[in-house]
Amino acid sequence: MELSKGNIVNLNDTAYYNNRELSWLAFNERVLQEAQDETNPLLERLKFISIFSSNLDEFFMVRVAGLKDQVSAGFNQPENKAGLTPKKQLNKIAIKAHELMTVQYGTFKNYVLPALELEGIERLTFHDLTKEQREFIEEYFDEQIFPVLTPVAIDAYRPFPMLLNKSLNLATLLYDEKQVEEENRTKLGIVQVPSLLERFIFLPSEGQKHKFILLEDVISSFTHKLFTGYKVSSVTRFRITRNADLTIHEEGARDLLKVIEKELKKRKWGAAVRLEVGKEHIDERVLALLYEVLEVKDEDVYIMDGPLDLTCLFSLYKKLAPLYEHLVYPALIPQRPQDLGDAEDVFEKAIEHDILLHHPFESFQPVVDFVRDAADDPNVLAIKQTLYRVSGDSPIIQALKIAAEKGKQVTVLVELKARFDEENNVHWAKELEQAGCHVIYGVSHLKTHSKITLVVRRKNGKIERFVHLGTGNYNDATAKLYTDFGYITSRKDFGVDATNFFNYLSGYTTKPHFHHLSVAPFDIREQFMDLIDEEIRYHRQYGNGYIIAKMNSLTDKPLIKKMYEASQAGVKVELIVRGTCCLRPGIPNVSENIRVVSVVGRYLEHSRIYYFHHNGEEKIYLSSADWMTRNMEKRVEISFPILDIEMKARIKAILQLTLADNVKTREQNKDGDYYYVINSGAEEIDSQVKLFKMAYQNTDAE
């Protein structure tokens, strides 16, 4: 229904918004649900526990750390949506994080581990070992572990050491019987569990069974060999998460690469934001000391009933997956893209028609070939590309280096400020420069998050430009795991736009003219605000307003308010938001025409797609940008239209299939809570599985 003027609602009311941090925790809870879901293969459930832990580590290192910094600085202003102060946010985060970690450990200990045991995969403690296994593990400790360990004594001359971020440590309380005075008899030693050693040590076992013991269990059992002459009183396991957000002062920075390299060294030693302690064998005296030394409070301390740092379960997954194929997802192989058919030459096909790529259902290899073939083609004069996150052994990097070595003009923007990929990107920037590429580090005070490649070719005396645009990174590894779109075109206007875009990045150009591209921080928000306004106008005139928007996160208040206006005008809005969503749907007179769903499953939903009905003249945009304030204001992003009618129909069908998912979809209610979509006896639709089946069918039909 559309509101009358006398019925105006205050769209700034905090009751209409979810807090960003709490909404993110709700997303990670959906990841944890995948570990609890018994329809998922057992080892995949193990992997989801690992992903949950890894996500939470980063959340504490960045988001919680930032809130703590605000509190320390005396900043107590409420955030602009849900109206929570930093202190209130920290309190609510602590309650929810404790609850989620308790559920995580309960899932691991009470469900996943027993199920693994039924398959012959069993965790043993030192006390469970047979005589043969004890002999094996003692020899293993003496030869493989002991030489790597550094026992650190704590006393007046050797203060409590600075312990690495995310490191697992053993606090060993020792008793010295030789001391006369009782107060001098208790000593403390710290042993850091080396991250370079295998966390899971597999033991001699009968038959097809795989029994293992954890590295920290082994070290704990032999601490007397590290502190000879003392009696081991207790061994307490603990792990510290530190503030790891980089502070980069770009003003006056002559060499951004050196500034970032310097800051990276500090990341290991930031203030403690979380302390995890193993419940088993915990010593209250050690715990009291850790509180004091690390300056943590009760809400920062997580006493867990199980092994600390469950990110390690990913390495266990990788070890066991090849041996237990029935416990992992059935293999699904990315198919040849339907827009390429049997064509060998991507460039000649792009001259015929635009090419749409849908990963991981369709192979990422044509994107690699696009750069590799350009490097090998003697007619290619220049290659320009933005890189945000790439794989550890990137074929695209290798192709760019070859192109430069062959004398082509190669310009690469390597975003040095890509969080937790800074070190990797510094390495690639140096390597590309050494190969002869012109490397630029981005735009001051902005992260270049756009995904674009331009190839310039001279053939038969004519200059041709080919452009690849994407919603995801140029990363051949994650392209097998993330859902994303790629688009290759030889349209002249797109080529001109790409040239202008790269000139903006590399020079002193102010906002250039674009035919089709919208670029943040210039005008992406304005573009989408205008498109929503148009949809409102069309709905008032024709009654058929309809918007579908798919993204990773939705936090931008101006865009949220604009969608509330669309809902109030009667426009139907369907949002597919995998992660954080600050918008609340279903609120009478505010958002009753908005539906919000989140799909969390085998593949990480990563594509950004924006659909507007436009009174039948449908408009579809793909983008590198989510509807987040940082994407609108603090990043260089690209949004681009799909012009081909068949391509638009294909993307719309994919959106509709995703909205019909009733297996991996959770829907948000007006209170901000998420619930599984009820199947109600209809056909089960897992959109990701169905998209893979469609890709296979397209290949078979060719």
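Heads up, the Cβ atoms here are built off N, Cα and C, so glycines get one too.
Keep in mind that what you see is a predicted model, and the values were worked out from it rather than measured.
Note on HIS449 (active site, phosphohistidine intermediate): other Cβ atoms within 10 Å of its Cβ, all shown chains, come to 24. The annotation active site, phosphohistidine intermediate is assigned in Swiss-Prot to HIS449.
If you look up Swiss-Prot, you'll see ASN55, TYR482, ARG578, HIS606 marked as ATP binding site. The number of other Cβ atoms within 10 Å of the Cβ belonging to TYR482 (ATP binding site), over all protein chains shown, comes to 20.
Residues annotated as Mg(2+) binding site in Swiss-Prot: ARG389, ARG419.
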In the same chain, outside ASN55, TYR482, ARG578, HIS606, whose C-beta lies within 8 angstroms of the Cβ mean position for the ATP site? ASN552, GLY579, LEU604, GLU605
Just name the winner among ARG419, HIS606 (the binding-site residues) by count of other CB atoms within 10 A of its CB. HIS606
Recorded ATP site residues ASN55, TYR482, ARG578, HIS606, farthest C-alpha pair in Å: 16
For each of the binding-site residues (ARG389, ARG578), count the other CB atoms lying within 10 A of its CB, then report the residue with the highest count. ARG578
Counting across all protein chains shown, how many other Cβ atoms sit within 10 Å of the Cβ of ASN55 (ATP binding site)? 18
At the Cα level, what's the spacing in Å between ARG419 (Mg(2+) binding site) and HIS449 (active site, phosphohistidine intermediate), rounded? 11
